[in-house]
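J.: Pulled these features from TrEMBL for this protein:
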DOMAIN    A:28-180  domain 'Sodium/calcium exchanger membrane region'
DOMAIN    A:211-350  domain 'Sodium/calcium exchanger membrane region'
TRANSMEM  A:30-48  transmembrane segment
TRANSMEM  A:60-81  transmembrane segment
TRANSMEM  A:93-114  transmembrane segment
TRANSMEM  A:126-147  transmembrane segment
TRANSMEM  A:159-178  transmembrane segment
TRANSMEM  A:212-233  transmembrane segment
TRANSMEM  A:245-267  transmembrane segment
TRANSMEM  A:279-303  transmembrane segment
TRANSMEM  A:309-326  transmembrane segment
TRANSMEM  A:338-356  transmembrane segment
Amino acid sequence: MKKWLSPSLLAVFFVLSAIGHYMDWNHTLQFVLSAVAVVFVAGFLGRATESVAHYAGQRLGGFLNATFGNAAELIIAIFLVKEGLFDMVKASLTGSIIGNLLLVLGLSILAGGLKHKVQKFNITLAGLNGSLMIVAVIALFVPAMFLNTHSITDKDTDVLSLVVAGILIVSYIAWLIFSMITHKSYLDDVTEDNEEELPNEHAPAWSKGRSIFYLVLATVMVAFVSEWLVGTLESLTEQFGLSELFVGAFLVAIIGNAAEHSAAVMLAMKNKIGAAVEIAIGSSLQIALFVAPVLIFVSAFTAHGTMDIVFTTIELVAIAVAVFIAKSITQDGATNWYEGLLLLAVYLILGVSFYLV
Amino acid sequence: MKKWLSPSLLAVFFVLSAIGHYMDWNHTLQFVLSAVAVVFVAGFLGRATESVAHYAGQRLGGFLNATFGNAAELIIAIFLVKEGLFDMVKASLTGSIIGNLLLVLGLSILAGGLKHKVQKFNITLAGLNGSLMIVAVIALFVPAMFLNTHSITDKDTDVLSLVVAGILIVSYIAWLIFSMITHKSYLDDVTEDNEEELPNEHAPAWSKGRSIFYLVLATVMVAFVSEWLVGTLESLTEQFGLSELFVGAFLVAIIGNAAEHSAAVMLAMKNKIGAAVEIAIGSSLQIALFVAPVLIFVSAFTAHGTMDIVFTTIELVAIAVAVFIAKSITQDGATNWYEGLLLLAVYLILGVSFYLV
Amino acid sequence: MKKWLSPSLLAVFFVLSAIGHYMDWNHTLQFVLSAVAVVFVAGFLGRATESVAHYAGQRLGGFLNATFGNAAELIIAIFLVKEGLFDMVKASLTGSIIGNLLLVLGLSILAGGLKHKVQKFNITLAGLNGSLMIVAVIALFVPAMFLNTHSITDKDTDVLSLVVAGILIVSYIAWLIFSMITHKSYLDDVTEDNEEELPNEHAPAWSKGRSIFYLVLATVMVAFVSEWLVGTLESLTEQFGLSELFVGAFLVAIIGNAAEHSAAVMLAMKNKIGAAVEIAIGSSLQIALFVAPVLIFVSAFTAHGTMDIVFTTIELVAIAVAVFIAKSITQDGATNWYEGLLLLAVYLILGVSFYLV
């Protein structure tokens, strides 16, 4: 494992894919180089997250990972919003939410469950996460229902979108105050005791300061490499006749969430399922409650006008379906391999449906 | 606090708003007088409920409060049914259900949560309440789905409405038998012990008989003042160009539930969250399972024909959304301020949507 | 009781209804004979199941009962698929799912709850069953949503149906591996200890081998008698002008699930609610995750082409509604008579709606 993640190979492939991208090499070559680079930087990010989680606790570590993971997506999406590509933005937000709730969470639970019979995490936090997810679904679902069944002016649609976006951001900030300040100890993972490892085996190789620096560095690298890879993908997928919806909601989302993937699965296999769940669910909540609303506010200042909060019916169905099954599976605070498999089954059903439409 | 609720001021404003109503004073003056009167009588009702709850236990006290609170709404609605104003009846039933589940429950949990870190109540009762709420949603949702997707005669629609109404009333009566007789002790609030106060501090000022008399008196006063206030509101809102749907589902419902509001929030702040939840959820269940079906049966004897049970799509969405988030938040039998805020966020989203439509 | 189930009377009515069926006697006479025979064979099956459950444990016994009960339905449905009667197949699958989740489960919980104040069963198993049910709903709901909102070729519809069917079968096989092999002991009913009876009172009358033989024999007899009864019903219901949808989803399903009915209710009354729940929910899961997908694969080899997985809107609503209320009621691992009544209320609402459409 150490070999694979060796810093020199990481640097070589990162630099090669950077050169490939800016020199506009052959797209297939660009794709191969940046795909290999993603593997290395995601592995690097996973180690950095784990190290930070060691110092900061599972939940804060999970939050940091989710935030750094989504920073890349937010930046990419702002560029798309500036160009008025609202449909693609919504497709990739949808894909990011379901990708985290089904693919990242599913793989983590499956991988962790194959090594450990039953994995437990904080049931109170699971319940709160579930309620937050339902609020997110409601906030996306209600405007769409009202606008589909009633005629309403464009101006009122903008007002509704901005008000709902404001409510979501306030809810998210209140959540941070609640979970990090007023009820921090209340939510502290009850299973953390069970997860103590032998100190010599798992003591992180890096100091606290260096871990944080590496976390930031790795996240930035993931952001760059992801964008380069996405750039090549779009031209490659044209060859294969894939729809924009499928590319946005699945391919882009899978690659854009590489950071969450690698970190969450790695933590789950070390029986830190609480941190893995926090990354997967925390990341999807951040997308729905913070990234999406921020994009709506940003769009209000662009030449293309305000991006409304109205997602398409199949996007809403996909999000609602992902939330329901993820909530059902996590609400008892215990996971096993079969539950991971169920999440992946739902992801597959959605993927095939999006692919065929 | 005592000053505020002083009986003489209460009487003065009640009488003034009565005179204003029957003498048909200027509407703005009427509005101000009755709005102030509502504050006093709601406070009075809150104290009476609390006193009765002291003698009767939290659950029976909550049930009594919910019943007296809804008696006013039932009476007003019967008058509306007699005049054939079925749409307004359904809008106000919808508003009453979501007002109790989101606004009353949300404010109670938020206010209680700001004073007490975590508040606990009977988890078994929460689960049963959740199941009952889902049955109520199903009973409203299924007929609407069937009638929207299939052509069906008016007579069959009446039959379906009456049968479903009958099933709901039977379910509600069975619920009373279950919760008050066969499984009374099973449901007794497990947290009641934690909530014992120092006897000299909270011993009610009134005897048992006087408390019950005051409860009835206060409820009747709330009913009258609410109606007077509603009367002025309708003409006032015309000036501001508000839709009937918004007025019926939000303004009327908020004022009509003043009794539940004041009692529930006051109990929550005294850490009697079990009684507060019982008032809020119990009241909305009573609306859905008893008040609405009774109105359908009453309508069958009026000149305007049977009121069908078919709510509009956005009313159904509002009710379903309120039930899902309330169920998600209460099902673990513990609440905190953030959960109250989430309920209020959903109420705000629905309010803005109804306002703009 | 023994008298009623006496083997000679059972044999007489079974043979009489067989003769009636193959000699094509008067339909009303056929109906009476086979209806009486159903009562006897269902009772026989109930005793055999109980005896096997004694040797095999509640969960395996429940699984065996569900499987043998559904074997009959699968065989009947294959004949219908061969004749291209896809709509009737889907109606009867729908009826079987909601019949098990609402009628069988409701009657079991009600009957058991009238004898025992509160009945408990394995809460972990209940949670997993709930998640599986949600996956089943998603698998039926997502393709229907995508196909209703987008134009899609017939070939792609077939591909989608076959892929989803494949995912469901894999999920079901993985569930058997999980619940019977890798996590068998984890799921073993925690309440089994509470349900030990006095050995002399309940020791089964039959040996292990004989019990299994009787279970197979009784299931085969139920399959035959059900089919004979269904045959007469179809001509009888024509006289009364019932719709195919109602007959398929209610009458056929009720009779076709006679085996599950009798066994589950009998077990619930003996306080073996865990086995009763396993029969009811296990049977409906088997229909959704195994029987329906197998029928889709079978249809691909028939002259009528592949049966798609797209159920009608009201079928989907009925299934979703049944799953939500069943999940809500079972998720706390405890049941009482009122919860049984709620399930029956929902079944009645659906029944009346289907009848009137």
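Including glycine, each Cβ sits where the backbone N, Cα and C put it.
Annotations in TrEMBL come from automatic prediction, not curation.
Let's see these features in context: how buried, what's close, how far.
T.: Cβ atoms under 8 Å from those of the transmembrane segment (A:30-48) belong to residues 4-5, 9-10, 13-14, 16-17, 20-21, 65, 68, 206, 211, 214-215, 217-219, 221-222, 225-226, 228-229, 231-233, 236, 255, 258-259, 261-263, 266 of the same chain, restricted to positions at least 6 beyond its ends.
Beyond its flanks by at least six residues, the transmembrane segment (A:93-114) meets 70, 73, 77, 133, 248-250, 252-254, 256-257, 260-261, 264-265, 267-269, 271, 273, 276-277, 279-281, 283-284, 287-288, 291-292, 295, 311, 315, 318-319, 321-323, 325-326, 329-330, 335-344, 346-347, 350 of its own chain at Cβ-Cβ distances under 8 Å.
Counting only same-chain residues 6+ beyond the ends of the transmembrane segment (A:126-147), those with a CB under 8 A from a CB of the stretch are 101, 157, 160-161, 164, 167-168, 171, 175, 179, 187, 277, 281-282, 284-285, 288-289, 308-311, 313, 316, 319-320, 323, 326-327, 330-333.
Counting residues 6+ beyond its ends, the transmembrane segment (A:159-178) has Cβ neighbours under 8 Å at 132, 135-136, 139, 142-143, 146-147, 152, 285-286, 288-290, 292-294, 296-297, 300, 306-310 in the same chain.
For the transmembrane segment (A:212-233), the list of distant contacts is 14, 17-18, 20-21, 27-28, 30-31, 34-35, 37-38, 41-42, 44-45, 47-49, 51-52, 64-65, 68-69, 71-72, 75-76, 206, 247, 251-252, 255-256, 258-259: same-chain residues at least six beyond its ends, Cβ to Cβ under 8 Å.
Proximity of distant same-chain residues to the transmembrane segment (A:309-326), defined by a Cβ-Cβ separation under 8 Å and at least 6 residues beyond the stretch ends, is recorded for 90-91, 94, 97-98, 101-102, 105, 133-134, 136-137, 139-141, 143-144, 147, 157, 160-161, 164-165, 249, 281, 284, 288, 292, 296, 342-343, 346-347, 350, 353-354, 357.
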J.: For the domain 'Sodium/calcium exchanger membrane region' (A:211-350), jot down how many residues DSSP puts in helix, in strand and in coil.
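T.: So the domain 'Sodium/calcium exchanger membrane region' (A:211-350) is made up of 114 helix, 2 strand, 24 coil.
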